[in-house]
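First the structure, in the form of structure tokens, and then the observations on it.
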Amino acid sequence: MSVEKLTLPSPAKLNLMLHILGRREDGYHELQTLFQFLDYGDEITFALRDDAEIRLHTEFDGVPHDSNLIVKAAKKLQEQSGCTQGIDIWIDKILPMGGGIGGGSSNAATTLLGLNHLWQLGWDEDRLAALGLTLGADVPVFVRGHAAFAEGVGEKLTPEYPEEPWYLVLVPQVSVSTAEIFSDPLLTRDTPPIKVRPVPKGNSRNDCLPVVARRYPEVRNALNLLGKFTEAKLTGTGSCVFGGFPSKAEADKVSALLTETLTGFVAKGSNVSMLHRKLQGLL
Ligand SMILES: C[C@@](CO)(OP(=O)(O)O)[C@H](O)COP(=O)(O)OP(=O)(O)OC[C@H]1O[C@@H](n2ccc(N)nc2=O)[C@H](O)[C@@H]1O
Ligand SMILES: Nc1ncnc2c1ncn2[C@@H]1O[C@H](COP(=O)(O)OP(=O)(O)O)[C@@H](O)[C@H]1O
């Protein structure tokens, strides 16, 4: 049965660890990182149009229509598939932008999977992930929808099964530039590669943390406050800081103490993205 309208989740991710192994000739850094999803994110609604236009109806502060990763993803998929249909798109945006929880990449992946379904393209995951990589290093993991150990610049993915605790995520009100962190001379760039799977316990370091904490007092403050209750970690290049708890009640308790002064949210970690759980229900 063909569908005309579809609403899909677009979850956040966390980097449970992030090691920088070296710098490539093109300036990009070789990483090893462990991605896990959160049961928390945006919601995107797609509706078929009679013409071929691609139109995002929700305005974003500071992101022009054609620069939005949702629009870029839709246009690339339309071009490369030769599809003649268009789409109307609305988003309920709750994920902070530039916080290292991957909202833009997730929105791009949800768009690719949603339009593959609505436009009935029949693309497989490999093809969608390859297109996704041209939009951003973190897009493929959202297309695959499984927690993963990532290598290269994030494109070589191996599924992993880390524990799924509840997380308190603190959102310092500052946007960290990924490019700025990767160009800092003090960044650790020579961490030896992990050669065994699954990633052995104790490898929870994020090599970006010292540089981000030095440059951004707001992030330093969040790390110090959360660090009083649990191991406080940085996701991606920040700004978000997170800690795991064995139950929602415990995460909520710490949240109540900290969110008086800091913005944050509590969400369950998940090894299968809520986007894929919803799509499986549609098939
Ligand atoms: C490092 C991660 C981990 O999840 O950080 P977050 O964005 O999530 O915080 C991501 O892979 C980020 O991927 P993505 O968000 O696509 O990075 P981009 O915007 O393309 O990168 C901006 C700039 O950072 C530098 N960069 C980025 C990724 C990388 N592996 N090496 C780099 O040197 C490059 O100078 C690049 O021009
Ligand atoms: N749909 C989108 N959602 C979020 N950010 C977007 C989107 N489209 C483009 N961007 C741009 O991408 C940047 C990075 O966004 P995001 O993925 O949320 O952060 P991060 O990579 O730190 O997790 C934003 O600051 C914004 O300028």
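Think of each number as a place in line: the chain as shown, counted from 1.
Backbone N, Cα and C define each Cβ position, glycine as well.
Any TrEMBL annotation is an automated prediction that lacks curation.
TrEMBL annotations:
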- Lys13: active site (ACT_SITE)
- 68-145: domain 'GHMP kinase N-terminal' (DOMAIN)
- Pro96, Met97, Gly98, Gly99, Gly100, Ile101, Gly102, Gly103, Gly104, Ser105, Ser106: ATP binding site (BINDING)
- Asp138: active site (ACT_SITE)
- 208-256: domain 'GHMP kinase C-terminal' (DOMAIN)
Counts of helix, strand and coil residues, the domain 'GHMP kinase C-terminal' (208-256), according to DSSP: 26 helix, 7 strand, 16 coil
Cα distance (Å, whole number) from Gly102 (ATP binding site) to Asp138 (active site): 7
Integer average pLDDT (0 to 100) for the domain 'GHMP kinase N-terminal' (68-145): 97
Among Pro96, Gly100, Gly102, Gly104, which are recorded as binding-site residues, the nearest neighbour of Lys13 (active site) by Cα: Gly102
Among Pro96, Gly100, Gly104, Ser106, Asp138, the recorded positions whose C-beta sits under 6 Å from ligand 1: Gly100, Asp138
Close-lying recorded positions around ligand 2 among Lys13, Pro96, Gly102, where CB distance stays under 6 Å: Gly102
